[in-house]
Each structure stands twice: as structure tokens, then as C-alpha cells.
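The ATP binding site annotation in TrEMBL covers B:Lys108, B:Lys150, B:Glu181, B:Lys182, B:Leu183, B:Val184, B:Glu189, B:Asn268, B:Glu269. Residues or ranges marked as domain 'ATP-grasp' by TrEMBL: B:112-298.
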There are 2 protein chains.
Amino acid sequence: MKNYFSSNFKLGVLGGGQLGKMLLTETQKLDIYTSILDKSEDAPCAQICNEFHLGDLLDYDTVYNFGKTVDLLTIEIENVNIDALDQLQKEGLPIYPKPENLRVIQNKAQQKKFYKDHNIPTADFTHFAYLEELKHSYENGLIEFPFVWKSARFGYDGNGVKVVKSYADLEGLPEGECIAEKLVPFKNELAVIVARNQKGEIKTYPVVEMEFHPEANQVEYVICPARIDDTVAKKAREVALKVADEFGFIGLLAVEMFQTQEDEILVNEAAPRTHNSGHYTIEASYTSQFEQHVRSILNLPLGNTDSKVAGIMVNLVGAEGHTGDVIYENMENILEIEGVTPHIYGKKHTKPFRKMGHVTIVNEDINKARALAQQVKETVKVISK
Amino acid sequence: MKNYFSSNFKLGVLGGGQLGKMLLTETQKLDIYTSILDKSEDAPCAQICNEFHLGDLLDYDTVYNFGKTVDLLTIEIENVNIDALDQLQKEGLPIYPKPENLRVIQNKAQQKKFYKDHNIPTADFTHFAYLEELKHSYENGLIEFPFVWKSARFGYDGNGVKVVKSYADLEGLPEGECIAEKLVPFKNELAVIVARNQKGEIKTYPVVEMEFHPEANQVEYVICPARIDDTVAKKAREVALKVADEFGFIGLLAVEMFQTQEDEILVNEAAPRTHNSGHYTIEASYTSQFEQHVRSILNLPLGNTDSKVAGIMVNLVGAEGHTGDVIYENMENILEIEGVTPHIYGKKHTKPFRKMGHVTIVNEDINKARALAQQVKETVKVISK
């Protein structure tokens with residue numbers, strides 16, 4: 001094994017947002033020297049990493065040159081320049097997750113095609129190189145309202161996804177490569193995080209259940225364990241495992257899924273990194289997803305994915321009507337609630353629905369945790385001065 | 001409540017060692033801007049705090065000038081210039097723990113006198129202004145071998161404490177103010193961490209049991225919960241609570257105690273800060289001692305001190321015969337063990353018995369945890385290149 005701890009080994013991370021910041025907690029814990037590339041000098045990681053580089057993650061030269069300064073490269077966001085990663089890998093730099101996996105996942109049409117090609121259950125879809133093709137398909141009666149439009153590239157937090165119910169909706173869509181997906185009525189939206197290292201050791205976290213904010217299309221509560229049948233949970237973990245296995249994935253893969261009315265599991269999409277649906281692991285699990293990410297990319301033994309207690313996560317998003325320097329209102333009140341841990345990402349500026357932090361609520365009793373989570377959500381407000 | 005999160009509020013910390021580093025994990029989590037003063041530019045905190053100042057913690061001007069740059073001051077080590085703190089407090093700076101408490105605790109003779117004056121059970125002792133006085137006392141038959149000699153000032157990790165069994169031992173003692181304490185045969189060495197905030201809210205962590213390395217006089221295992229009778233545990237928590245209450249303490253106070261053969265509880269000494277005996281809380285407790293420290297000094301509600309699971313801590317100290325750049329041997333092997341979390345403090349240089357890190361082992365079953373802890377201890381080695 002390489003000597004990673006208190007050594008000259010340098011871990012490079014593309015992206016310095018909140019996921020990077022929570023990763024730094026783990027690299028600090030293990031004293032792994034960490035260098036970060038991000039386009040903003042106000043990035044949450046900027047002040048607290050060992051080394052910070054300012055630059056555009058989508059620019060070939062920037063990513064390539066950054067890669068040449070580190071011993072192993074990973075990501076905290078998937079929208080990065082893959083051509084540069086390919087070249088770095090060719091020159092011998094270990095990069096996890098692998099660039100070829102990132103390329104497939106980065107493009108939602110290719111990602112869906114991958115699932116279809118590998119017999120991974122997913123909703124039916126049609127792929128269009130241009131929006132115009134989608135319109136023609138509709139006009140020729142090949143697709144019907146309602147359907148789910150997804151931009152092939154750079155969707156994030158519900159941007160790039162829209163339920164299209166009318167011609168007006170269709171007219172309002174942005175240009176570009178996209179897919180039209182069958183709208184599947186579902187009981188639950190679930191997620192499973194899978195960790196896999198180079199040795200091929202693979203582990204899944206328990207199934208979590210997600211509740212979305214109806215307007216903002218952002219996750220409102222993440223609940224672990226999901227309140228579903230064991231057979232459905234088992235199926236969800238198996239499907240997630242299959243996705244990671246078929247990719248030959250190295251690192252953390254968050255697989256989002258639908259539980260249909262018929263208790264089928266359909267893969268919605270996967271994220272090749274630590275994920276909002278795994279934040280609860282910091283307080284609830286034997287191994288947090290961020291430590292697991294470090295273990296998996298460094299080919300260390302994977303940690304126990306079981307939970308010590310039930311965990312629920314509430315996102316702290318900017319309140320509507322508030323734009324400006326942030327204030328967290330009623331923080332003192334939520335700190336009075338048992339088992340509550342706030343995480344403040346360090347963004348100085350709030351705007352409506354911006355992810356500013358999250359709060360984890362843990363309890364031995366999941367129903368108690370759910371009630372306290374509601375209380376947290378109704379109490380704390382992210383407003384501007 | 002003050003706005004501490006993502007704000008202009010600046011927390012100052014005297015000391016930038018491993019306790020400071022683990023505190024930074026919490027201030028980063030809550031995005032509380034943190035400025036550190038330490039005498040070494042290689043201090044574990046140096047690279048990862050918001051602001052780092054280089055300087056001597058025992059120098060009046062250095063501590064005073066640092067204090068003038070922050071909004072609230074705390075410590076991670078008690079050996080600091082108290083005169084400077086007194087002046088800063090007089091000028092209106094909030095300082096927790098309070099300088100007057102630090103002054104008493106810093107001097108072991110004064111600390112013991114405090115216990116005696118406040119009816120807190122502690123072993124009998126005699127106070128000497130000079131070593132010569134102690135020698136005269138012995139020669140005049142006023143004290144007998146064996147007794148425990150303690151330097152009044154600047155003892156740390158077993159330095160400044162010696163069991164004196166013979167005249168040769170007595171001859172070998174260093175000069176200076178000291179106490180001679182009755183050697184009490186004890187069943188167990190216990191510790192309880194107490195948190196108290198300005199509002200007077202007060203909470204104790206469960207009693208932990210400590211096992212010491214016989215030669216190095218450093219803690220080898222810290223076990224939570226202590227495997228003792230409930231009545232003894234209750235008494236230990238009550239005694240610790242009384243110590244914090246009598247001090248009117250604000251912050252975290254770690255109270256080390258002896259359980260005598262007769263199940264009496266005697267206070268050995270207290271540390272006015274986060275403590276090695278509380279490291280297990282990071283993985284095992286609802287609220288880690290470092291988060292609790294932040295909560296208590298900022299007058300926020302205190303968190304739940306209960307444990308989610310049993311926790312055992314093993315110190316990682318430099319192996320004998322090894323001095324130089326550090327290597328953590330067999331880290332991969334301990335990471336394979338269930339429920340194991342290593343903490344590497346980031347000291348580049350190892351020497352025999354230097355505290356380089358610790359490992360926490362958590363498990364639902366404390367006996368299983370104890371067995372795994374032994375395995376960890378026998379496997380990992382802190383050596384030099």
C-alpha cells in the first residue's frame with residue numbers, strides 16, 4: 001500500500017463546493033494532503049484545503065495542468081473537462097471515478113442508453129440530438145403528453161428536467177440534445193449509494209427515501225432507512241449494485257431510483273460521486289460517505305455501511321424573497337432539538353432555493369426523527385440581512 | 001443570539017495542536033471563522049484554519065495582541081499567559097473558559113486546594129513551594145514512601161507526575177513548586193467530561209474508564225461506557241458536575257477520577273478543555289466533545305451527551321526506537337476491521353511515545369469493541385522511515 005498519511009502524496013479534487021468541503025473533513029482526519037481546483041475564490045473549500053487552485057473545470061488546459069500537479073485525481077462534481085482527464089489517464093495519472101464512466105454519466109442520453117444496453121431497468125425514452133427533432137416527433141404523434149424532458153447535458157438539482165404537459169411547455173424548452181422519457185407514476189423515489197474500490201470490493205448503503213419540494217424540485221427530506229418493504233429494499237440494492245458493477249465503477253456511485261406502483265425498481269439516474277442523499281451518513285452511519293469515497297479511490301478496505309441510528313436530512317435552501325448576505329434564523333431553536341446537527345456550507349450569499357446547508361436529525365426511532373425533522377424544517381429559515 | 005454562522009464573527013483559539021484540529025472540523029461544519037495562535041508553523045491547525053498566527057502562548061504581548069483581533073477567545077491547551085487573558089477580559093473580550101478558572105487549574109497545588117476548599121473528594125496532599133521543603137518534610141518524618149509527587153506547573157501527559165518510592169527517586173526530582181499526594185490504591189481510573197454554558201445549562205458525558213500504558217504513563221485505551229456499577233457511575237458524574245458547578249465553569253471540563261478499592265470517587269485532576277478521554281465521542285456520541293465545546297462557549301444549547309454505540313479509543317503513539325519522518329504501518333489492516341476510524345494528527349515527525357493520532361473502535365457490543373481495540377493496537381505501528 002502507498003503511504004497516504006502525513007506523506008508527500010497529493011490528492012487532487014476537481015471542484016471545491018460543499019461536497020468537497022465535507023470530503024476535506026475526512027482527508028484532514030487522515031492527514032491526506034489535498035489540493036482543490038475551483039472556479040470561485042469564495043468556494044467553500046478555498047480557505048481550508050492544503051492547496052487551492054483557481055480555474056475553470058471545463059477548460060482543457062486548466063484541468064490538464066492541475067492534474068499534472070497531483071498524484072491521484074478525483075471529483076466532487078461531474079461537469080468537468082473529460083478530454084483532459086483522458087489525456088492525464090493516458091499519461092499514467094490514476095483518476096477515480098474513471099473518465100470513461102464520467103463521460104457516459106455526464107450525458108443523460110448516453111447514461112440511459114447504458115442502462116438499456118446492460119439490462120438495467122429504467123423508464124422508456126427516446127433520444128433527440130436537437131429540440132427540433134423532439135417537436136417533430138410530437139407533431140407526428142410518436143410521443144404524447146405528459147412526458148419527462150431531460151437535457152442531455154449539465155442538468156443539476158432539477159434544472160434540465162421538466163414534465164411536459166402541453167404544447168406551451170414544449171415551446172418553452174431550451175435548445176439542445178435531450179431525451180423524452182415516459183412519465184412513470186411512482187410510489188417512492190429511492191436512492192442507494194454504492195462504493196467500489198480497485199480490488200473490486202463493493203458495498204451498498206441502505207436504501208433511502210426522498211421527498212421533494214413540489215415547486216423547487218429539490219430534495220426536502222432524505223430518510224434512512226426508507227420506509228419500504230424489505231423485498232423492495234433488497235431489489236433496490238441489487239439494482240444499484242448492478243449499475244456499479246456494469247460500469248466497473250471505482251469510487252462512490254449514487255443511484256436514484258423510482259419504486260413504481262407495481263413495486264418495480266427503475267433507475268432514474270446516477271451521480272458518480274458523494275451525494276446529497278448520503279449526507280445523513282455523517283451522523284448516522286458507521287462510515288460516512290465522504291470517508292468511504294476516500295477509502296474507495298485509494299483502494300483501501302471499504303468501511304461498514306450500516307447505520308448506528310435512523311437519520312433524516314433536511315436541506316437548508318434560501319428562502320423565497322431573500323437575496324443577499326445570509327442569516328440563519330432560529331439556529332438556536334433547532335440546536336435545542338435532540339439529535340440535530342446543522343452543516344453550514346459557507347456560502348456568504350443566499351438566493352431563493354440555493355443550497356446553503358443541511359441539517360441531520362438522528363434518533364433510534366425513525367418516526368421520532370421524522371417528527372423532529374419537520375420541526376427543524378418549520379423553524380430554521382435561510383434569509384438575507 | 002449573535003450571528004456566528006457565515007458571518008464576520010471571529011473565534012480565536014490559543015493553541016493549534018490536535019485538539020484544535022478536531023475543533024476546526026466543527027467550526028468548519030458550522031462555518032464559524034476561526035483564527036489560531038500557535039508557536040509552530042507546522043502545527044496541525046496551521047494549514048486548515050481561516051487565519052493562523054505564529055507566536056508564543058506564554059508571552060504576554062503575543063497573547064494580548066492576538067486577543068485584540070478576535071471576538072471571543074478560547075483555548076485548546078491550558079498553558080497560556082493568564083495575565084494577558086485577565087487584561088483582555090477587563091477590556092471586554094469574552095474568554096471561555098474564564099481566565100480565573102484557568103489560573104486555578106494551571107497550578108496543580110491551587111487546583112487541589114480548590115477541591116479541598118469546596119468539599120470535593122480528592123486524595124490528601126501537602127503543598128511545597130520548593131523541592132527542598134519536600135525533602136525536609138521527608139527527613140523530618142512528615143511524609144512517607146511511597147507518595148505521588150506532582151509538579152505544580154506545566155505537567156502534561158504524565159510528565160510532572162512521579163510515584164516516589166525511595167530516597168533515590170526523591171533525589172531525582174526536578175526543582176520547583178510541587179505537591180506530595182497520598183498514593184491511593186484504586187480499582188479504576190475514570191473520567192467524566194462536563195459541558196456548561198453561560199446560561200448555566202450543564203451536562204455530563206457518560207463515565208469512561210482508562211487503561212494506562214505501564215511505562216509511558218499515557219492512556220492506552222479509553223472505554224465508554226466504563227464497565228463499573230451504575231451507583232459508582234452515578235457518583236462519578238455527580239462529583240464531576242460539582243467540580244464544574246463550583247468553578248462556575250464555562251466550556252468543557254474533563255474531570256479525571258480514581259475509583260478506590262472502597263468505591264469512593266476521588267478527583268485526580270481536571271483539564272479545562274476537550275480531552276483525550278473524550279475522543280471516542282466523535283464516532284460514538286450524539287454530540288462530539290468538540291461540537292459541545294463550540295456550543296458551550298458560544299452559549300448555544302448543549303447537545304445530547306448519550307452514546308449511539310459503545311466506543312473505545314486507542315492512542316497512536318510513536319514506537320520505541322523510532323525517531324524521524326513518520327510512517328503508519330499496517331493502516332490497511334486496521335481499516336479492514338469493523339467500526340474502525342483512524343485520526344492522524346498531521347505531525348510529520350515521530351519519536352517514542354509522542355501522540356501522533358488515535359483510533360476509535362465503535363460497536364453495539366462493548367466486549368466486541370474491546371477485542372477489536374486490542375487487535376488494532378497490536379496491528380498498527382507508528383514508525384519512522
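Even glycines carry a Cβ here, placed using N, Cα and C.
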Which number gives the other C-beta atoms within 10 angstroms of the C-beta of B:Leu183 (ATP binding site), all protein chains shown included? 15
Suppose we draw a 10 Å sphere around the Cβ of B:Lys108 (ATP binding site). How many other Cβ atoms does it contain, all chains included? 24
Please give me the CB contact count at 10 A for B:Glu269 (ATP binding site), counting all chains in the structure. 17
Looking at the binding-site residues B:Glu181, B:Glu189, which sits with the largest number of other Cβ atoms within 10 Å of its Cβ? B:Glu181
With DSSP assignments reduced to helix, strand and coil, which class does B:Glu189 (ATP binding site) get? strand
